[in-house]
Amino acid sequence: MRRLLEPCWWILFLKITSSVLHYVVCFPALTEGYVGALHENRHGSAVQIRRRKASGDPYWAYSGAYGPEHWVTSSVSCGGRHQSPIDILDQYARVGEEYQELQLDGFDNESSNKTWMKNTGKTVAILLKDDYFVSGAGLPGRFKAEKVEFHWGHSNGSAGSEHSINGRRFPVEMQIFFYNPDDFDSFQTAISENRIIGAMAIFFQVSPRDNSALDPIIHGLKGVVHHEKETFLDPFVLRDLLPASLGSYYRYTGSLTTPPCSEIVEWIVFRRPVPISYHQLEAFYSIFTTEQQDHVKSVEYLRNNFRPQQRLHDRVVSKSAVRDSWNHDMTDFLENPLGTEASKVCSSPPIHMKVQPLNQTALQVSWSQPETIYHPPIMNYMISYSWTKNEDEKEKTFTKDSDKDLKATISHVSPDSLYLFRVQAVCRNDMRSDFSQTMLFQANTTRIFQGTRIVKTGVPTASPASSADMAPISSGSSTWTSSGIPFSFVSMATGMGPSSSGSQATVASVVTSTLLAGLGFGGGGISSFPSTVWPTRLPTAASASKQAARPVLATTEALASPGPDGDSSPTKDGEGTEEGEKDEKSESEDGEREHEEDGEKDSEKKEKSGVTHAAEERNQTEPSPTPSSPNRTAEGGHQTIPGHEQDHTAVPTDQTGGRRDAGPGLDPDMVTSTQVPPTATEEQYAGSDPKRPEMPSKKPMSRGDRFSEDSRFITVNPAEKNTSGMISRPAPGRMEWIIPLIVVSALTFVCLILLIAVLVYWRGCNKIKSKGFPRRFREVPSSGERGEKGSRKCFQTAHFYVEDSSSPRVVPNESIPIIPIPDDMEAIPVKQFVKHIGELYSNNQHGFSEDFEEVQRCTADMNITAEHSNHPENKHKNRYINILAYDHSRVKLRPLPGKDSKHSDYINANYVDGYNKAKAYIATQGPLKSTFEDFWRMIWEQNTGIIVMITNLVEKGRRKCDQYWPTENSEEYGNIIVTLKSTKIHACYTVRRFSIRNTKVKKGQKGNPKGRQNERVVIQYHYTQWPDMGVPEYALPVLTFVRRSSAARMPETGPVLVHCSAGVGRTGTYIVIDSMLQQIKDKSTVNVLGFLKHIRTQRNYLVQTEEQYIFIHDALLEAILGKETEVSSNQLHSYVNSILIPGVGGKTRLEKQFKLVTQCNAKYVECFSAQKECNKEKNRNSSVVPSERARVGLAPLPGMKGTDYINASYIMGYYRSNEFIITQHPLPHTTKDFWRMIWDHNAQIIVMLPDNQSLAEDEFVYWPSREESMNCEAFTVTLISKDRLCLSNEEQIIIHDFILEATQDDYVLEVRHFQCPKWPNPDAPISSTFELINVIKEEALTRDGPTIVHDEYGAVSAGMLCALTTLSQQLENENAVDVFQVAKMINLMRPGVFTDIEQYQFIYKAMLSLVSTKENGNGPMTVDKNGAVLIADESDPAESMESLV
């Protein structure tokens, strides 16, 4: 019987589902990177830049401290009177007879494969390698094009052009730059010589269709997403990127729009724009830039990369004199927001409509001017209002001058009437704007009417609403707020009215009798409204094309899946497809607006929804019915509203008269019928498209379409009214649809009965199986059990967490998506992983891009919901509005008794599977102050022992996480008392040990065998060197961090809690690396792609950027090649012995390690600053120079190039990432640079290790004598004392003390200089090497800033001192050493330090000697007050590696 019922269950489920489900349009949520709409008011790329002491050329940016207003400090020309860009006023531009047709040469040819595109960090530039020439248009000669640059705005077609025409700006501006090839060989040379250059400005305007000519450019943009990326472009025709007609253009003389702002540019600004679709436009908004801070890189979206417009001053703007080029109206070329020419509207609609009562008989209507004006100026506003009373319909219209306040007072208002208001802007020649939102007002309740929905926005009549009640639901076209007013109705009207240009008004909409009853009328009091009540514009060509694939119903529009906030989100006409195609990546964790920052603005957000419904709200005097109330059913069936005797059901019909299903998320018996009178306008519209397809009757339903538990759906008796589709025709008889309805209902009822029987039987079987398990679902069998069954998988199956009976239910039916499980077949053997990564890196990292796109798409078709996160009671608990917790995998807290227990189980956290372990991790956001108690409650309830934190509290001036632990002593968070026990600081991370105690659990209570269950230990591993939306500079420290935090987990503890700021990007990267390291150890295979796709189904956006995805592979490659090299001190002798034994090929592991130390990835050792011509003479040895990532920068001197460079590198120590600075012995002409470095970086210790004594006296001594100070402009250097310190072998260290005094203020810096003898000394015992190290370590404890170490070249001696210092500190603190990591990190940060295997072998010898000294009881050597060494080592000077081993 069971074998028979198992397949029946699936067949019946699919059959029933397919009969009631419908088409759904999905919208991707805003990602962490998608900062777009959240920061539109900010100019620039949202990068908050701190003033840096190091930079290359004069640094500038589009915002912040180096923004346009500060450009003049480094480029004086930026303050000139003839600057660009400008706003061009067409009416003041004169026609210049000298400006005739442009002559283009080569523009019609396809570009060669040498043309390439580069992300410069400020823009995206195309470097033209072919010959493109321009003449005419008043240019002084024949000019050659060299490069193309782009400027764009923030998001979604917002203004981004630099120039504007009549105040109108465009989404993108393309600029083509030219130079005179007869005079110069390059564009840059012409600029440096300050000679005339040319520039074309071409505007891009949004269009409903893709522009195929832009395809090579858009494809190229996807290859240069990150800063400094370059790619070759597919062939394109440059002429196709220009307007179709080149006759209409403006000419003026201006400047470059970026520093140096040279006023040498002859500008040609084309009047006609080039079309670009929203989908293509998204490629610009996905571009990243980087901000370098010290040697940590942060990644930001590059947006708003345009300069503010400048004054025209005494310049004249001219127009071309090409005949007939200026005849057309401007709207033929400057398209309306929907991208069609059919809509000749004056402006966008007036916004911010409000209706407020002044007294008992008067109302005030207010609005704001339109956001965009196509035909300025606005002359006046037309205010229309209509009302209905006792079936009499009236309407009045009056005008209001635009120069007065935008308010109107309506007198003699009756409290018993329903009023509808709308406003329209009127320009010259009686051109009018779109209508504003239609506001419905009755008594003290205001509602917005738009399309198929009515939303209330009024004020309370009984009691004030709570802040949660007034919180907006989502952004969109309507506002949904509540104020405690009893409100229970549904409007299912779809308006199709006239265009704004003045055609006759027709209305295809009716408010149901239920609506009127909800507004105070008796049932059925009004059957329809006059045809002039709700006129809206006829759909444009763009919307028609959208609706061709999705016909509009008279009863309801198609529903949409949840948008960023989980609400059903419809598309606006002309925008829907493009919005639906937004790339998930267009978002920044870093760029998002945090919830707490926007609390004040929440009331201005709007909700997108294609579902016609209204949430039933109650004031404090009306009790809310419970789910068990007889007034409604629990599972979304008929819902009876008090005051209505009966619910009626209507099935709408499609155009062909066949049965039409309700929208997704709505059962057919929940659709409200409305009367839609047939009109000629609709008939013409529907019949005008011969290719319009019929709507299929069956579509998959989106389980994401949900309603709150207070939503009620009311139906109206269809017998009273006719129903109509988009085409006018006689209404069908009542029996035509009642008989099929009865048949279908009967079949559905029979199927449901059978389905319930199957479910009961199925559940009974599962209960028998799971007997003995406390949870509803059985635990997934171990990998061994699955292997015995022949279905062994690489990872555990997806786990879903069923609602507890005590948890609040937001929706009646919570669906569980079917999630695929990664297979062992996808795993890559470790031996092939190196080759695999090489393939991914090939072809400009194309393999990584393809993989990550697959990751982004993997959850697109899964209807995974996050309704609890979107619930109004929980929204304030989310740090970011678009980072939500999936319902099926969310961590549920135990509800708190009493205090709002209904929603106290929510926290923005999800269980995430690990390698062969379900729920191995909890991925969560950085706690908000308001969620500290929930955070620690979750840690207690989940028995978490390890917290992994991968964010700093503040990054780039923005709050990323609140400090949820006490700085010292104890702090109480709800019932949990947290005590800080210890803090250990490392170079890249910090470890904190907490004791947590639950005050509600008593010591030794029953069931507590240990007697101390009320107190636990929690360890926090906090990584401090990982930038938001970016990746760490080096993989080795991350591997150490992951391994140590993973090893600290105890078997009896619960999941590891991992969080960053949003809990997705860096959190996901950590989880993947940790799990893959475990898989490598267990099976010697790797499956990054499969595992990431799997965990993406458990929390959204895990591993947020492609850069993070690449970093995972880099880190795993490092782990595979280097293996684990950390060794405890008691095993060091045997370990060294093992790596000295030759292998099969005759090579020892020591040799293999050293090869990895010296072979570094090219991207880590870029040294282009050191190789500049102006800096080459500052290097003693060209083979020992700083890598760009770790280069020490100087504060540049004003007006002098290259003054920021010095041959010096940061080196990571044990306690700080910049603990040391290794540099060369100063050259005579770099001595002042050396002291500037000390001054800039507050260094207080200098260790001088001369490799030989061959330096001349004047070169050897770079410090001043006692008699005379050294003047370094901003400060002076004075020698104040000189001492000597004797070592055990009678060698001496000469100690100089200097004072650096500022010339402008009282700041003083004390510096101690150690002039050391030859070190390490080959004639002395190896163990004596640590004498000098101990002296330096002890001195460093009392001083701040990095320790500067130098030998002649800044190479092996200095590197050896840093390495041994770090390793000795590691040995003291951890009783373990990692020679390989320390040596490789030094070579990564300063290439060329260790070049000989004997140098690497010496480090092992020294550490063996130090370990032997500790084992023999001789602790570290110290120095007494007089400088004498208290413990001297008398070891044999002939120590060798063999003897040490």
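Cβ coordinates are placed from backbone N, Cα and C, and glycine is handled just like the others.
Note that the structure is predicted; figures quoted are calculated from it, not measured.
Among the candidates Asp962, Asp1028, Asp1204, the residue that Swiss-Prot names alongside Cys1060, Ser1061, Ala1062, Gly1063, Val1064, Gly1065, Arg1066, Gln1104 for the substrate site is Asp1028. Segment annotation: Swiss-Prot labels region 'Disordered' over residues 461-480 (candidates 341-360, 461-480, 1161-1180). Checking the candidates Asn722, Asn1181 against Swiss-Prot, the annotation N-linked glycosylation site falls on Asn722.
Of the cysteines Cys8, Cys261, Cys427, only one is given by Swiss-Prot as the disulfide partner of Cys78: Cys261. When you go through Asn156, Asn813 in Swiss-Prot, the residue listed as N-linked glycosylation site is Asn156. Most Cβ neighbours within 10 Å, among the recorded positions Cys78, Cys261, Cys1060: Cys1060 holds that distinction in the structure as shown. Each of the glycosylation sites Asn156, Asn359 was scored by the other Cβ atoms within 10 Å of its Cβ; the lowest score goes to Asn359. Non-local neighbourhood of Asn109 (N-linked glycosylation site): Asp130, Val237, each in the same chain, at least six residues away, with C-beta under 8 Å from its C-beta. Taking a C-beta cut-off of under 8 angstroms and a sequence separation of 6 or more, Asn113 (N-linked glycosylation site) has the following same-chain neighbours: Phe232, Pro235. Asn156 (N-linked glycosylation site) is 42 Å away from Asn359 (N-linked glycosylation site) when you measure Cα to Cα.
Mean pLDDT for the domain 'Tyrosine-protein phosphatase 1' (848-1119) in this predicted model: 90. Cys1060 (active site, phosphocysteine intermediate) sits 41 Å from Cys78 (disulfide bond), counting Cα to Cα.
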